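A short write-up of the structure that comes next.
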Amino acid sequence: MKLGIITIERDAVVNDLIKSCEKYEVDYKVITPSNIVAGFNLDFKLKYYKSFLDELDCCFVRNLGWDSFFRFDVLKYLNHYIPVINPPDGIDRASNKFLTSVFLELNNLPQPKTVVTESINEAIVWIDKFEEAVLKPIFGCGGEGIVRVKKELPISTKLKILNEFKEKYNTFYIQEFIKPVRNEHRDIRAFVVDDEVVAAMYRIGGENWKNNVSQGGRVEKCEITEEIEKLALKAKNALGLFYAGVDLIESEDGLKVLEVNSTPSWIGLSKVSEVNIADKLLEKIIQYVKS
């Protein structure tokens, strides 16, 4: 099999996948998206130096970089000729928190109470209704830009927070803050590949309430319960993804979906997983391409 790996940098995830490619004797090519050339009414469709991308068996998308509509459109074009993992439409839905909430809602999957608005007045109304809320940028990952706001804050403080947030991100994605069911802040990352939840971990908050490993959180192994398996698979499928990192949070009335990641890292999860995640992912990709 010939696999393209599209990424702006050769990070730990890419290196891990390359090791698996070498183990399984998969012919791979690391592709820098800025050097792809699209052709029309010519003798090629998509070219990378002297290689033709539509002659690959599959392309794996790791990191396109930010704010590149052209690169994303290239994926859509490429997907007409070969499988792209993850599918561009799925990446589009998962990278946009508003669209993620839309598809979770359409598929009747539990998520925290959420409102999305550009109005500062409406934002204040809903922060007060939730009593404690989390503001998130619609686009973003790793916990960056996320702000926790409480009802009891002075109105001047709330306005300052909201004005600064709006200046940066324009749109407010506001979720009720889910109070921890135990004594510590934690959530669950379930790693789903095709029809299988291959591993899961607890991400436990560091010095603050954010559980992201990139924000100082630590990881512990999480047993894959029937509830985790069922919800993670449904969330992945709702967004039209081949594989995903599904973030779940425990609440008094069961698990809720926080986020679905379409280009998730598995490096932190590998520390507590008995499964070699890169191997499992590549095995599933090979099966998919052959089917």
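Placed from the backbone N, Cα and C atoms, the Cβ positions cover glycine too.
What Swiss-Prot records for this protein:
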BINDING   K136, 175-187, R203  ATP binding site
BINDING   D247, E259  Mn(2+) 1 binding site
BINDING   D247, E259  Mg(2+) 1 binding site
BINDING   E259, N261  Mg(2+) 2 binding site
BINDING   E259, N261  Mn(2+) 2 binding site
DOMAIN    101-286  domain 'ATP-grasp'
>> If you compare CA-to-CA distances from K136 (ATP binding site) to each of the binding-site residues D247, E259, N261, which comes out shortest?
In response: E259
> So, in DSSP terms, is P180 (ATP binding site) helix, strand, or coil?
Replying inline: coil
> For the binding-site residues listed here (R182, R186, R203), which one has the lowest count of neighbouring CB atoms within 10 Å of its own CB?
Replying inline: R182
> So what sits near P180 (ATP binding site) in its own chain, CB-to-CB under 8 Å and at least six residues off in sequence?
Replying inline: R186, E250
>> Please report the distance from the Cα of D247 (Mn(2+) 1 binding site) to the Cα of N261 (Mg(2+) 2 binding site), rounded to the nearest angstrom.
In response: 8
>> Measuring Cα to Cα, how many Å separate E259 (Mn(2+) 1 binding site) from R182 (ATP binding site)?
In response: 21
> Which chain-mates of E184 (ATP binding site) that are at least 6 residues away have a CB under 8 A from its CB, listed by sequence?
Replying inline: I204, G205
>> Considering every residue in the domain 'ATP-grasp' (101-286), what is the mean pLDDT value?
In response: 94
> If you measure R203 (ATP binding site) to N261 (Mg(2+) 2 binding site) at Cα, how many Å is it?
Replying inline: 15
